[in-house]
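These come from Swiss-Prot:
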{"type": "BINDING", "residues": "Cys76, Cys82, Cys85, Cys117", "note": "[2Fe-2S] cluster binding site"}
{"type": "DOMAIN", "residues": "41-133", "note": "domain '2Fe-2S ferredoxin-type'"}
{"type": "DOMAIN", "residues": "136-286", "note": "domain 'FAD-binding FR-type'"}
{"type": "TRANSMEM", "residues": "10-30", "note": "transmembrane segment"}
Amino acid sequence: MTWLSGLYSIFVASAAFCSLGLILVAVILLSRKFLIKVHPCKLKINNDDSLTKTVDSGKTLLSSLLDSGIAIPSPCGGKAACKQCKVRITKNADEPLETDRSTFSKQQLEQGWRLSCQTKVQHDLCLEVEERYFNASSWEGTVVSNENVATFIKELVLSVDPSRPIPFKPGGYLQITVPPYKTNTSDWKQTMDPQYYSDWETFHLFDQVIDNLSLDTDSANKAYSLASYPAELPLIKFNVRIATPPFVDQAPDPTIPWGVCSSYIFSLKPGDKVMISGPYGESFMKEDNRPVIFLIGGAGSSFGRSHILDLLLNKHSDRELTLWYGARSLKENIYQEEYEKLEKEFPNFHYHLVLSQPLQEDLDQGWDKNDPIKTNFLFKAFELRQLSHLPNPEDYLYYVCGPALHNSSILTLLDNYGIERSSIVLDDFGS
């Protein structure tokens, strides 16, 4: 009976510990409810009384404006990384945070410039907001499909109300709002081709529980470049790469969370509803008739596809267009059949695919591992095949989008050839 009494003692102690934990959680929640008082605050915008908004205190300025129908862009999801949610507070600005100090000059800080994603609304404020943000709207989209187009990249296709078309331009982006959610990565197999299972299994990425039920909605918005072009409405498309934790011993680090927005998108199934806002963007096509070279990697495929299909299929442009797309292997290549078809149909479009790590199955299909134009880093292949042979490389436009290392390598290469920054259009968050 001794072992039974010991087991009983352990059970009682465990129950007491769990009960204490629940009591502490309840105390914290009640304290927040009664000690943190929420009060109304007025946001006077552009010195126009008709634009004054009344919001609850405690939220970020970014979230408060979004709730009031003013969609300030925040491509990074409110993490103070993209620096695009700038707002000038002309009256009652609080002391700048470190994120503000690293973003604005001393003079700008004195003028009241702040990052709205970091500024908490605690009292009445007077603001200056660019008028273009008043034109941004929200839509509800319905998931049509959400299939993997590469091992870690999905093509999310949404349908929006055709009576309210989204007035976006190629190169633009929309923000996706993420509600509280919980998902198990094994459920993502429902929208994943089995050819991608093995890599996910190798890195133990299935059967991972991602719990964001207590999500702070202030940080639950992220921007994604559109892969579709306007003529495809009411369908809109995105290419989204999953943000996994770093790998430790071929498994995701359990101490690092999965990407909030990308995990939400990977969990979506046909029929699900998604809230989107926008449109935003500055990486549009320059209408000066210069030839365009697209230097695209990974999920930057969104940015490239939107521009290229609009130029060829919608505008019927005769501009010389060249696409260089970089992927690890043929399994990771996106939109190959579509681009090969366009290349046959349009003599002014040229498509180059570069693989950095072709698989044995790629070599078995005839991929030339020893050809530096086909098997290489994209920026090296591009220089060997095209850039070094251009008599006047400064006469071209260069549209760049991809992972951070891809972007930095391309920008360094172009700078080495004397390409002015004004001839480069960079989408730095599309991947």
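Each Cβ is built from the backbone N, Cα and C atoms, and glycine gets one as well.
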- Task: Provide the three-state DSSP residue tally for the domain '2Fe-2S ferredoxin-type' (41-133): helix first, then strand, then coil.
- Result: 19 helix, 29 strand, 45 coil
- Note on the structure: The predicted model's mean pLDDT over the domain '2Fe-2S ferredoxin-type' (41-133) is 90
- Query: To test your reading of the [2Fe-2S] cluster site: which residues beyond Cys76, Cys82, Cys85, Cys117, same chain only, put their Cβ within 8 Å of the Cβ centroid of those residues?
  - Reply: Leu62, Pro73, Ser74, Pro75, Gly77, Gly78, Lys79, Ala80, Ala81, Lys83, Gln84, Leu115
- Note on the structure: Given the binding-site residues Cys76, Cys117, the candidate whose Cβ has the fewest other Cβ atoms within 10 Å is Cys76
- Which has the fewest other Cβ atoms within 10 Å: Cys82, Cys85, the binding-site residues listed? Cys82
